[in-house]
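Reviewing the structure listed below.
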Amino acid sequence: MLEGLGSPASPRAAASTSVVGSSGPAACPPPSAPRCPESPVPRRGGMRASVPQKLAETLSSQYGLIVFVAGLLLLLAWAVHAAGVGKSDLLCFLTALMLLQLLWMLWYVGRSSAHRRLFRLKDTHAGAGWLRGSITLFAVITIILGCLKIGYFIGFSECLSATEGVFPVMHAVHTLLQVYFLWGHAKDIIQSFKTLERFGVIHSVFTNLLLWANGVLNESKHQLNEHKERLITLGFGNITTVLDDHTPQCNCTPPTLCTAISHGIYYLYPFNIEYQILASTMLYVLWKNIGRKVDSHQHQKMQFKSDGVTVGAVLGLTALAATIAVVVVYLIHIGRSKTKSESALIMFYLYAITLLMLMGAAGLAGIRIYRIEEKSLDESKNPARKLDSDLLVGTASGSWLISWGSILAILCAEDHPRYTWYNLPYSILVMVEKYIQNLFIIESIHREPEKLSEDIRTLRVVTVCNGKPVASSCLKSGGVAGDVAPRGRDMPPAAKGNVCMREGCGKEEEKQEESSWGGSPSPVRLPRFLQGNAKRKVLRNIAAFLFLCNISLWIPPAFGCRPEYDNGLEEIVFGFEPWIIVVNLAMPFSIFYRMHAAASLFEVYCNI
């Protein structure tokens, strides 16, 4: 801070004045730019310390993969009725994994409670409040599912093993404690017992993934049985219809209640599947944060604002209501007769084509606004944000696989039913819409949050030396009117307007400043009707509309409306078993994509 323009008030000020020079009322900077401080050279000891951490991370990840592969093999053996492998063996393995995770969570929670007065590092990006609220809702429905399974076990207790009664009880306890653990410790950055904690967290990640795979397999078997029964009504009699029935070989008392319970179980499976995958993602972020060095800046707290999003909310709610109506009509008509099944397929394709076109247009509009604005992106290290981006692209590949299969089947088939030509644009739009939506979401979550209104323009402080303006491009992007004004009030009157702001600047910034003074054209700005608060309202409406549309597109496949199963054309071209394997592998990722995209869009909405 400047002390005045006369004699310096301190030896430090005198030394700085002698270096810069005091020939005039305003001291000009020397021609050579100040050198930026060099980054410190990493010490050899620090490099040695990072080796055991990287080794522990590698060992723990390999342990988790070994457990996951063993569980997948047990699931496959049970699914194909392998000799000597029954459902009780699979449930015993999953119960043992949950018990081991319970012991680790109890140890971690107890150790944290014993040292609760100590300062603990937190990752403010992880474990958002809305995410913990969502996982709590899904956990409640998962516990209800466990209660129904207990009732199912009681009804068929004569011919079911004890493991089928122990498993839902253990799963309910596991769900309760895990939700409590994630509420209290999802943001933790573990700095002690790191090797042990890495094994505990990665074990929890893959335990939840195996529970997710078990739920997907049970739900897929139910859907497959219904699908085989519907194929006959569409005229595909040459396709095998042998049912893969796992119902117990004894009577249930009372039969009406047992039937209602068995149907209710499969309607609740989608929520259980979403709970397991959400829990595994939150635990994976916790695993990535072990031993991590926290960035200096803090994450801005998200705020939910409902004002100014009437258009997006109305359109999104309309799409949601239309989706529910389409699903109800589809499930009523599909499989009743050939005519009704074809009309149900055509209705679904027309509805989906319209909705996907609207979503693609909304995503393109949002990307266009971002491209015109040309705002810098936040490239800081963030495990939660990186995982969101990877999951969006990775899970979208599931529906892309199914869409390409449908396109090839349409092009290669000899006979084309009437509904086939609606399937072609639908399959293309599924790929295009997800591609556009991924671009919009990834760019939105990487943009720096706006702290002030955009009507406040960034001020560039300019020094005046002998009547000529000299650029001092030493202000960073945060230098706005609100930041500079207080300094001017504290300075002496003679110093105002003649200040040379000098910070460490790179050559790249100097070149940009020189080009701006040389008369280079300024970057393209947003239209007047999209500037400031109006732009944020438009982006919020886009995010709200896409959020509700993704919820809408999650409902049909989650509750049995799957034209990829029911049109029968792909089974003719690829064969029944190969196509069913493709759909059963890809459909869970496609369903999870919609829920994950909705969660990401909610975060985008709150940050705009």
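Using the three backbone atoms N, Cα and C, a Cβ is placed for every residue, glycine included.
Unlike curated records, TrEMBL annotations are generated automatically.
Looking at 195-213, 404-422, the stretch flagged in TrEMBL as transmembrane segment turns out to be 195-213. Among the stretches 90-109, 195-213, 308-332, the one making the largest number of Cβ pairs under 8 Å with the transmembrane segment (63-84) is 195-213. Between the transmembrane segment (130-154) and the transmembrane segment (166-183), three or more CB pairs separated by 6 or more residues in sequence fall under 8 Å, so the two stretches touch. Counting Cβ pairs closer than 8 Å to the transmembrane segment (266-287), the top stretch among 90-109, 166-183, 195-213, 308-332, 572-593 is 195-213. Counting Cβ pairs under 8 Å that are 6 or more residues apart, the transmembrane segment (90-109) and the transmembrane segment (308-332) reach fewer than 3 and are not in contact.
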